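Per TrEMBL, the features are as follows:
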DOMAIN    41-292  domain 'G-protein coupled receptors family 1 profile'
TRANSMEM  26-49  transmembrane segment
TRANSMEM  61-87  transmembrane segment
TRANSMEM  99-120  transmembrane segment
TRANSMEM  141-163  transmembrane segment
TRANSMEM  196-221  transmembrane segment
TRANSMEM  242-265  transmembrane segment
TRANSMEM  271-291  transmembrane segment
Amino acid sequence: EVNGSFYQPSAFFMVGIPGLEAFHPWISIPFCALYLIALSGNCMILFIIKKTQSLHEPMYYFLSMLAVTDLGLVFCTLPTTLGIFWFNMRRIGFDACLTQMYFIHILSFIESSVLLAMAFDRFIAISHPLRHPSILTKTTVMKIGLAIIVRGMVSLLPIPFLLKRLTYCGKTELSHSFCFHSDIMNLACADIKVNVFYGMIILLSTVGMDFIFIVLSYILIIKTVVSLATKEECLKSLNTCVSHICAVLVFFIPMIGLSMIHRFGKNVPPLINTLVAYTYLIIPPALNPIIYSIKSSHIREALLRALWKK
C-alpha cells in the first residue's frame, strides 16, 4: 500500500538457515524430530497429569500450563519453519506475520511467568510445607494462571499497532523462519524509538522481573535448605528443584542471548543469529517433557503404569 510517503509491504519473506539453503530438506529431519518430541512429550505430560489423581497438585498444575504453552510455541513456528525447509514457502502476509509475532511473544512471556509460578511453588513447598496446600489451592492456581495470560496479552497488545503505523523501506526479508518484533521493526525506515523503548520496557518489566524473582526464590530456598538438620534432608529438598532449574536455564539462556543479539549484535554472523533463535523457540518445548519425565519420579511412575496397562 502506497499513500504519499507511507509504504507498507503486502508480505515479508522469511529465511531458513543462511548459506545452507541447498541442504534444507536434510536439515528438516532433526527439526521434524524435535517437533515430534515436543508434540508427543507435552501431550503425554498433559495426559498423565489428567489421568493420575495423585498428580492433581499445584506443582503439576503449573507443569500442565508449561506443557500447553510449549505446544502453543510449537504450533506457532512449525508451519513456517517446515514450510521453508520442505517447500521453500518463504512468503508470509504482513498481517499474518504480525499475528504470528504477537502469539510467539505472548507464549514466551507466559512461559517465563509460569516458570516464576513454579519457583514460587517450590519455595512454599520447601519453606512452609504444612501451609503449602492452604496457600496454593486449586482456585489460587487458576487465578495465577489467568493473571499470567492476561498480563501477556495486555502488555503486548500495542506491539502490532506500533508496527502497523511505521512506513517501510521496501526491504522485506526477515532474518528467521518466523516473525519477531525486532526483526520486523528493523525493516522500517521511520523513527522506531517508540517501538524500541516500549519493547525494552515490556521485556524488562515482565521477563526481566520474572528472572529476578526466580533467582530470589532460589536464594530463599537455598537459605531454607541450608538450615535443615541433615545432609540427606537438604539433598532431598534440592532434588525436587532440579527439573525446574533445568527448565529455567533451557528457556532463559537462549532468550537472553537472542535479545542481546537483536539489540547489540549487528556484526554477529546471520548463522549464529538463526541458530540461537531456533534454540530459543524449539529446544525448550522438546526438552521440558524429557527433563520432567527423567527427574520427576511421580511422572515417571505414572507413565510406566499407563504403559503397563496398555
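Glycine is no exception: its Cβ is also placed from the backbone N, Cα and C atoms.
Small disclaimer: the values here were computed from a predicted structure and weren't measured.
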Interface-richest range of 141-163, 196-221, 271-291 toward the transmembrane segment (61-87), CB pairs under 8 Å: 271-291
Within the predicted model, mean pLDDT of the domain 'G-protein coupled receptors family 1 profile' (41-292): 91
Proximity of the transmembrane segment (242-265) to the transmembrane segment (99-120), 3+ C-beta pairs under 8 angstroms: yes
Intrachain residues whose Cβ lies under 8 Å of the transmembrane segment (141-163), provided they are six or more past its termini: 58, 61-62, 65, 98-99, 101-102, 105-107, 109-110, 113-114, 117, 181, 184-185, 188, 194-195, 198-199, 202, 205-206
Candidate ranges 99-120, 196-221, 271-291 - greatest C-beta contact count to the transmembrane segment (26-49) (under 8 angstroms): 271-291
